[in-house]
Amino acid sequence: MEEGLLKKYEEEDCPGCKVEQLKRSNTGIPVKPVLFISVVTLCASLPISSLFPFLYFMVRDFHIAEREEDISYYAGYLGSSFMLGRALTSILWGIIADRYGRKPVVVIGTITVLIFNALFGLSTNYWMAIVTRFLIGSLCGIIGTMRAYASEICRKEYHALGISAVSTSWGIGLVIGPAIGGYLAQPAEKYPSIFSKESFFGRFPYFLPCLLISVIALAATVMSCWLPETLHKHNKIKKDKNNFQDAVEGTPDESNGLNMSQNTNYSERIAPSSQKSLLKNWPLVSSIIVYCVFQLHDIAYLEIFSLWAVSPRTLGGLSFTTSDVGQVLAITGLGLLLFQLLVYPLVERITGPVMISRIGAVLSIPLLASYPYIALLTGFGLSIALNCASMLKNILSVSITTGLLIMQNRAVSQEQRGAANGISMSSMSLFKTIGPAAGGSLLSWSQQRQDADILPGDQLVFFVLNAIELLGLLLTLRPFLQEPEDSDNIPKSKHNSLDQENGMQERLVLTELP
């Protein structure tokens, strides 16, 4: 019965239908798609954070700041230019992905990173650096597109694994990006036996980390050529671009002879309607708002952690070198990768995406509160405590992100998924534009309050981060955050009553709900 229904809506030349056939024939873990997703997402995330360890020194070498105190001011704008570009174009890339396919957007994005990230490393003045960073953000629409792609290339039971691959690669990029920047920037000073000051890398001290990222982007560009397109492109069916998808998922459709007039509320719960405006889809909108709050927290934490770790002990920091910070973040990335690939999918199946986001937020609050006391440790104890805390914090952050991304993709149908993720990316990028500048300013102000009676020094910083985390936690509760309804939550009695009212054709669709 199911095979006949599927064949009815499949078209031979439709790339989306070919993917559906492949998913039905291959019930195992989608190792190759997950690998492709991970590499492409890593390519897009590395440019975001790789400049944090050397950003201060790069702006200093441009000689645009008249005073040393002004360097952080200019560095904040340079750090935010990427997010500003992405905020302005994410919705456009989502629309392009929905109209022309996911693959073209991915290929353009990887080529953008390949070219403009290398040019950023070759920047000879402040404005060249600003422009190249802005172009990377505005022309690379990979992340939002890959979120939609991950849920389409994997069978439903592996949705968590696909989305987890996106968030994990994103998180790993954000933690090993600073490691790449910290170890490879200014190579003539760190490795004089290999790189002389008169060499190419001595004259362009920030090109080596950018070159490595561009090489990764080249590999991602080659791999993206083998990515199968998942967007359905039907020529015969004009009224509904995705009748095949709707039929398999059990979405009622009057054109198929289904009379749902007496069951309006039920039909609205079955699946998101492609006729509705995305901005009226509250499960989508609420999950995007919560997602933006947590992303503001995460980018501010990343900025603050890097600056706090290299700050002197007298200001409440750890007096780390850029290499020390790189080592901590590299260990964190490895632990994050193992957790997301081996543990997260199992936990998500047990608790659900909303509950795992709540648990992650609850555990993050006491963890962040412990950071000022970790700074009191020294030697081996400090190394163990900081590595464990950093690893756990990033695991919790990526778990929260993954749960919310799963909700966003489940809240819309396929033909709106690219646009929905574009809205999500634009909104998130606006919040992330604020994060680096606000985080650096907050840390600078807190270091001037070492002798304050209330929340002295870096205690103020982590208190503010916890306040944002608490706000995000509260927003995950009902009635604000509304989970998208699916067929798994519909009682059998509803199915039976609908069967009796609507006859055999409707029964065929409803009994094939995934």
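Cβ atoms here come from the backbone N, Cα and C positions, even for glycine.
Curation plays no part in TrEMBL annotations; they are all automatic predictions.
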If TrEMBL is the reference, give me the range from 359-378, 379-398 marked as transmembrane segment.
359-378
Considering only Cβ pairs within less than 8 angstroms, which of the stretches 34-59, 161-184, 204-227, 328-347, 359-378 has the most against the transmembrane segment (71-93)?
34-59
Recorded stretches the transmembrane segment (130-149) and the transmembrane segment (284-308) touching, at least 3 CB pairs under 8 Å:
no
